[in-house]
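According to TrEMBL, the feature oxalate binding site maps to N109, H114, E119. The Mn(2+) binding site annotation in TrEMBL covers H112, H114, E119, H160. According to TrEMBL, the disulfide bond annotation covers C32-C49. The domain 'Cupin type-1' annotation in TrEMBL covers 63-214. Annotated signal peptide per TrEMBL: 1-22, in sequence order.
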Amino acid sequence: MKGVQFLVAFVLLALASKLVSASDPGPLQDFCVAINDTKDGVFVNGKFCKDPKLATAEDFFLPGLNIPGNTSNQVGSMVTPANVQQIPGLNTLGISLVRIDYAPYGGLNPPHTHPRATEILVVVEGTLSVGFVTSNTDNRLFTKVLYPGDVFVFPEGMIHFQFNIGSTNAVAFAALSSQNPGVITIANAVFGSDPAINPDVLAKAFQLDQNIVKQLQSRFWWGNN
């Protein structure tokens, strides 16, 4: 009987340890300022860490998010990131920030996904139509028109977008639950991949003529060259 109890306890402990290791552990130190020099660093969570004694206030600082981004591009928007690439002190802290500027009359942050982060966005200027789509098979659209002071959440991994429906510039700030959330812009990834996806694959997937697929690929290829 004791042997059976021991076996049950062992199995439960093993299952518990698997559950614990299924998510990223929290940091075991106050901070872990990222450095590119591996000579004097310790490798933690994607970046080497600076000796804490050498850290300074500059490692946790980034100026300039008050400066509007240049929206003179094909989609009429600009994302200015504040993640671990710009603020080394964010390493292992699991959070980052972006400023997004949108041109009047249709500035668009096109449909995209963050594979490693949930996003919470607040509008500070202008009027945005935003939304996200749930996973298969529902593919349900959640959408809302946002005004200054309004907040909207985009769950991790969901395809989402923001579209300026106003006649003036729009500005939003968004926090993301990762030091490096990553971004996959759907159109760029599908039609602008390097090397290009076989047009036969895309023609069948999107139920389009192959010539239309090739035309779309030629439009997006600029982004990878």
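Placed from the backbone N, Cα and C atoms, the Cβ positions cover glycine too.
Over the domain 'Cupin type-1' (63-214), the average per-residue pLDDT in this prediction is 96. When the alpha carbons of H160 (Mn(2+) binding site) and E119 (oxalate binding site) are compared, the span between them is 10 angstrom. Ranked by Cβ neighbours within 10 A across all protein chains shown, the binding-site residues H112, H114 are led by H114. When the alpha carbons of H112 (Mn(2+) binding site) and C32 (disulfide bond) are compared, the span between them is 29 angstrom. Across the fold, the C-alpha of H114 (oxalate binding site) and the C-alpha of C32 (disulfide bond) stand 23 Å from each other. When the disulfide-bonded residues C32, C49 are scored by other C-beta atoms within 10 Å, C32 scores highest. Report note: the oxalate site is defined by N109, H114, E119, and the residues of the same chain whose CB lies within 8 Å of the CB centroid of those residues, excluding them, are V98, H112, T113, A117, L121, F154, H160, A174, L176, P181, V183. Cβ neighbours within 10 Å of E119 (oxalate binding site), excluding its own Cβ and spanning all shown chains: 22. Each of the binding-site residues N109, H160 was scored by other CB atoms within 10 A of its CB, and the lowest score goes to H160. Excluding H112, H114, E119, H160, which define the Mn(2+) site, the same chain contributes T113, A117, F132, F154, M158, I159, P181, V183 within 8 Å (Cβ to the Cβ centroid), listed in sequence order. In this structure, the C-alpha atom of E119 (oxalate binding site) lies 23 angstrom from that of C32 (disulfide bond).
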